[in-house]
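Asker: I am attaching a structure below and will ask some questions about it afterwards.
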Amino acid sequence: MWGGRTGALLRVWGLWPAGVLGRRPLSCNAASVAGSSSPQCWNCGGPGGPMRGDGFFCPQCRALQPPDPTRDYFSLMDCNRAFRVDTAKLQTRYQDLQRLVHPDFFSQRSQTEKDFSEKHSTLVNDAYKTLLAPLSRGLYLLKLHGVEIPEGTDYEMDRQFLMEIMEINEKLAEAQSEAAMKEIESIVRAKQNELTDNVSRAFEQDDLEKAKEMLTKMRYFSNVEEKIKLKKIPL
């Protein structure tokens, strides 16, 4: 753990990531669902939800069913459970699902279906946003492997990397022109692209420790990106 001037400056600048990556088994109710009797439609009592696959509606009465609590974002968005994602396909899937379950299409339906449509729509939005961005996608994929980020804990990084982050933030603090800001943005973007490639290779090799390290570095640079955006906003 870094102390002294390095650690102090990182805390002052708000550069410590929100948490440290650690292993913890995922909690889910898959076992209880599997052990229960076949789910029934809340409306007609026939075999219905929560529905798996794309069967969001009861095949008998066509009532919207509740979301499947055991389904992960990759399955919901029809993506392979991998770091590399076809973002064009992801966007198409998102639009298709929203046309299917958006609350606007259930204004004349029962209150139960209205509530389910709200839950479905929120879930689809969350899944889309999570899988669209490399950082959140990688962190979610780690979570599915039993790795999470406890909040409020520092993560130990090597001195060279921390010094690199400090230098970039010093340049950002001193930047007074648009050209200087663009130069910093270019540096950060290149670093994020490099780290994204490293994360992808780590997952392909099932090296979760490496993926964990690269994603943590991405979080540091993500913090810098947020500071760049704030500095661009005129006071």
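Backbone N, Cα and C atoms are what each Cβ position is placed from, and that goes for glycine too.
Bear in mind that the values here come from a model prediction, so they are computed numbers and not experimental data.
According to TrEMBL, the record shows the following:
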SIGNAL    1-22  signal peptide
DOMAIN    39-65  domain 'HscB tetracysteine metal binding motif'
DOMAIN    157-229  domain 'Co-chaperone HscB C-terminal oligomerisation'
Asker: Could you tell me how many residues in the domain 'Co-chaperone HscB C-terminal oligomerisation' (157-229) are helical, how many are strand and how many are coil under DSSP?
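Answerer: Its residues divide into 65 helix, 0 strand, 8 coil.
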Asker: Quick one: mean pLDDT on the domain 'HscB tetracysteine metal binding motif' (39-65)?
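Answerer: That stretch averages a pLDDT of 80.
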